[in-house]
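Undergrad: Okay, so TrEMBL annotates it like this:
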- 22-51: region 'Disordered' (REGION)
- 36-51: compositional bias 'Basic and acidic residues' (COMPBIAS)
- 121-211: domain 'Ras-associating' (DOMAIN)
- 213-257: domain 'SARAH' (DOMAIN)
Amino acid sequence: SPDCSFTCHYRCRALVRLDCSGPPGVGDEDDGTEQALEKDTNVDEPSEWEKTELDQAQVEQRIKEYNSQINSNLFMSLNKDGSYTGFIKVQLKLVRPVSVPATKRVSTLQPGRTGPRTQGVKRRTSFYLPKGTVKHLHILSHTRASEVIDALLRKFTVVDNPRKFALFERSEKDEQVYLRKLADEEQPLRLRLLAGPSEKVLSFVLKENETGEVNWDAFTLPELHNFLRILQREEEEHVRRLRHRYARCRQKMQEAL
């Protein structure tokens, strides 16, 4: 696509589903200001509205205030059972590639059959999501953060384990960015309502789930084999550079002699 600069294998083009609605708007992509702010990021800083509780009347009033402040038709609606629905915007800031399914059709001859039989072989391919990818989701007030992650992965037909990803709450205050990883049970639409529509006050970001320890059980066997191959290549390249460096030193010493 000329708008999002998405790149994939030619044979995988029909398998990829991305909503490219045109050139990204203001604030969709990182700029110099964003990068400068990110240098002072504080992770897991508690938000002011994290423990705020609202009764039914307060929820109704907050929804009216929220709808009066937005400049689009992405309104929130109060349901008869006391729950409410609305939209959240999630920016995907993934630094590693994601996997999508790919099916290769092959012909095989089965015993007792006169003609070839087409059989599907399950495969997967990996690609990088374009920088600044944004998705709007219509969710319920009781939709959990883990369910939002699942929905995003389904939208982009990503087959990676959901535990590899985490939903973050992002806010800007005093020229500093604060990031807090949402727990699985937290309700993003409730946070959106309490914070209001301002993206600077609150926005949602999907990132890799950096826990400090790698959960190897979340990876498939082909992925683990790929990691081993990558490690072997990196080790071989490191050894090659060391040998080259020592060879250069030996050469310089011999020239000096």
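A Cβ is built for glycine as well, from the same backbone N, Cα and C atoms used for every other residue.
As the structure is a computational prediction, the values presented were derived from the model and not from experiment.
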Undergrad: Taking helix as H, G and I and strand as E and B in DSSP, count the residues of the domain 'Ras-associating' (121-211) in helix, strand and coil.
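TA: Across the domain 'Ras-associating' (121-211), the residues distribute as 22 helix, 36 strand, 33 coil.
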Undergrad: In the same chain, who gets a Cβ under 8 Å from the domain 'SARAH' (213-257) while lying at least 6 residues past its ends?
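TA: For the domain 'SARAH' (213-257), the list is 99, 124, 161, 163-164.
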Undergrad: Using DSSP, what is the helix/strand/coil residue split across the domain 'SARAH' (213-257)?
TA: 39 helix, 0 strand, 6 coil
Undergrad: Could you tell me the mean pLDDT the prediction assigns to the domain 'SARAH' (213-257)?
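TA: That stretch averages a pLDDT of 88.
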